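S.K.: First the structure, then my questions, so here it is.
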Amino acid sequence: MSNLQRTLLKGRLPPTIPSGRIGRSDSFKKSRIRDFKPSMWNQFFAEKQDVVIDDKRTFCIYRTKEPEKPGPVLLLLHGGGYSGLTWALFCSEITTMIHCQCLSIDLRGHGDTHTDEDDDLSADTLAKDIGDLILKLYPESMPPVYVVGHSMGGAIAVHFAHMELIPNLVGITVIDVVEGTAMEALASMQSFLRSRPQYFKSIPNAIEWCIRSGQIRNVDSAKISMPGQIINCTTKKLATNELPLSAEEEDSSASTQKFMHHFSISEDEEITNETNAESNNVTPENPDFKKPPTTNETDNKKYTWRIDLSKSEKYWVGWFSGLSEKFLNLRLPKQLLLASIDGLDKTLTVGQMQGRFQMQVLARCGHAVHEDRPHEVAEVLSAYLIRNRCAEAAGEIRCHMPAC
């Protein structure tokens, strides 16, 4: 059943009766308060390393510990705006299922990676960066490498595999990116980017927005992923470099900031003349005089996005153009994970019916499939690697039937 059909069916159902008292109470508000304390990278990875490729490029990588038995290296490529920390929970899950080592990298212009041209996000440049990095890490004996990419990272993974930059590539998994739907979405991408807040007053505040906006639906994943997406406005350093937070910083961040979605409508509230005057900072003696704001505006502008994705618009078409044909023509085991069956374009639909790749749809998740449902994604990928004899099982795995 498509999302459209579900929406139509929901519209025919009678409204649900709310349980308990109608209206808002202090106890109800307190029950909605959640812990947005950021997590540390070393809770999920064994090593964080800055790899110097040359005098112009230094890449930040995260690695899990080496497997007990020989296994592949899972090369993990994040989406636009994310960082290598987006794979943290997924890495914790999959390393318990199969013998492998996860290698998650911050792409050019993202996370703690620094280059002389951070704005050059062309598909060829990003793919070449990855190839140079792998050759730098494994100059002599390179283990089998299996590449996994999400969104923009999925498109770059296809380009990387198509260019045949390393000799030991054994397979590819692409997560929630399809040429047809991606090209259609580009028209509204700038509007989406403008709808996001430009600043955050604290790291927990950014994590809270990440959950409330629906960008990530798994709070545990947001707590490790979101700090890798923002920088301190003053120091220009990634927010992860400020962790762990002090007790004072955690206490000062406990008060939540109201986020307004760009499509939301605020609720009507009864406002008396007295409270109306107070809310507008108008004194009874002089109705025309407004008090200056008591809060410092700079306090709410402490952090901002690591990368301004709107400036990368000239590269968007290059990421996704011809993606489906390149994916189908790869002479490797290929897997496609989607959040919705509606996202499949005509070229991939025909290819899937011909059995040229495996497709799996994971419901009840957003675009960041691997963050919303890391355990299920790890199970699907582990089973696929075992079936293609790319890895050995390290524990019990629940098999997911491929979509048809």
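Cβ atoms here come from the backbone N, Cα and C positions, even for glycine.
Please treat TrEMBL annotations as automatic predictions, because they have not gone through curation.
What you see is a predicted model, and the numbers here were worked out from it, not measured in a lab.
Sharing the features that TrEMBL gives for it:
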DOMAIN    74-190  domain 'AB hydrolase-1'
ACT_SITE  Ser151  active site
ACT_SITE  Asp176  active site
REGION    269-297  region 'Disordered'
COMPBIAS  273-284  compositional bias 'Polar residues'
ACT_SITE  His367  active site
S.K.: Between Ser151 (active site) and Asp176 (active site), how far is it from one CA atom to the other, in Å?
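M.R.: If we compare the Cα positions of Ser151 (active site) and Asp176 (active site), the gap is 6 Å.
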S.K.: Would you mind reading off the Cα separation of Asp176 (active site) from His367 (active site), to the nearest angstrom?
M.R.: 7
S.K.: If you count CB neighbours within 10 Å, which one among the active-site residues Ser151, Asp176, His367 has the smallest count?
M.R.: His367
